[in-house]
Amino acid sequence: MDSFVRICAVLLLLLIYCLHPTHIHHWTLGLQMCWQTVWHLYIQYQLYWLQETPDSRLLLAISALMLMTQRVSSLSLDLQEGTITSSFQNSSQDLSVLIPFLSYSLNFPALLGGPLCSFNTFVQSVRQMSVTPHLTPYLRRLTSKILQVIILVWIKYPLKELLKSITFRVNSPCVCQNIIWIWILSLLLKMNYYAHWKVSECVNNAAGIGFHGYSHSGKKSWDGFSDGSPWVTEALSRPSAFARQWNRTTAVWLRRMVFKRSNISPLFMTFLFSAWWHGLHPGQILGFIIWSVTVQGDYKMHHFLHPMLTSKWRKWLYVCLNWAFTQLTISCVVVCVELQSLESVKLLWCSYIAVLPLLSVLIIIIL
């Protein structure tokens with residue numbers, strides 16, 4: 001893993017040193033994504049051609065490489081937009097000015113599992129470490145987050161038992177049993193992500209990083225580095241809102257890298273780029289295409305129905321039905337992305353839940 005990220009860090013510093021800030025972002029993002037794609041394709045070669053299970057250390061290294069891509073591209077775009085300045089464009093500058101950039105790029109807790117933050121936010125957080133007590137201010141908050149991790153891990157066990165108790169058959173005549181099984185499977189997969197993100201948040205806080213100022217009550221907030229709350233995300237009743245909250249810092253990064261800079265179908269291009277960044281497995285490509293169609297359908301449906309929601313009971317009915325639709329369509333996305341292989345995706349698309357993404361397509365065509 002060290003060689004993977006060190007190559008990226010050295011390449012970033014060389015590009016910053018050699019290139020003008022107006023050109024640095026395209027080179028940095030392009031080279032980084034090409035380097036990352038080579039290893040993703042190698043993983044697919046092992047899985048689908050050699051029929052071998054990739055080494056867990058290689059998978060961990062590629063995960064760190066993906067997070068490194070976020071950091072170096074965010075930094076290069078900051079330089080291009082002028083939100084930070086490079087003091088070592090001149091070769092006569094002392095090389096000590098490289099330290100903040102190296103520290104940001106190679107921040108070990110963030111490379112283990114995120115979350116992403118901007119260079120300025122990182123520098124501010126590091127500076128706060130010298131003016132705030134070492135452990136006392138955030139010990140209670142850290143304990144609370146650790147308890148949340150324990151709860152998230154514990155929830156996985158009853159979900160696993162439910163999956164074992166419900167016999168899943170693709171051609172089962174029971175529609176509810178078929179759909180509920182996939183929904184429970186998606187919940188189990190999402191709990192893995194939620195627990196991982198919360199652990200990453202705890203690791204950063206334990207390192208003294210993540211101070212986010214003071215709340216309205218005057219208490220110190222340590223939520224500066226967060227990928228969102230699972231309780232808030234799961235309660236969302238619109239697919240578009242879920243897309244913004246799920247893995248929140250990555251969603252912000254994708255919006256900044258692609259959505260705001262694309263002139264042609266920015267929504268579709270954003271999800272397509274996300275599939276590229278995740279590894280271009282068949283299930284991932286299909287899953288992110290489904291997600292883009294679902295979000296587009298949600299925008300059109302909300303625009304069409306919103307003027308009709310004139311009474312409280314209509315609003316509640318809309319929220320409840322849309323929450324169920326969001327849960328089930330996101331379940332389809334999560335399972336597609338996680339199953340990855342084409343055979344597993346074909347199995348999923350033989351189930352009744354495949355009707356839901358088709359409804360989004362129909363909504364886009366009609367409205």
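Backbone N, Cα and C atoms are what each Cβ position is placed from, and that goes for glycine too.
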>> For the feature transmembrane segment as recorded in TrEMBL, pick the matching range from 97-122, 149-174, 175-200.
In response: 97-122
>> Let me spell it out: take the transmembrane segment (97-122), skip the flanking residues so only those 6+ beyond its ends count, and list any with a Cβ under 8 Å from a Cβ in it.
In response: 5-6, 8-9, 12-13, 16, 63-64, 67-68, 70-72, 74-75, 78, 83-84, 87-88, 196-197, 199-201, 203-204, 207, 209, 224-227, 248-250, 252-253
>> Within the same chain, where does the transmembrane segment (346-366) have neighbours whose Cβ lies under 8 angstroms from its own Cβ atoms, ignoring anything closer than 6 residues to its ends? I mean 6 or more beyond.
In response: 170-171, 175, 178-179, 182-183, 290, 293-294, 296-298, 300-301, 325, 328-329, 331-332, 335-336, 339
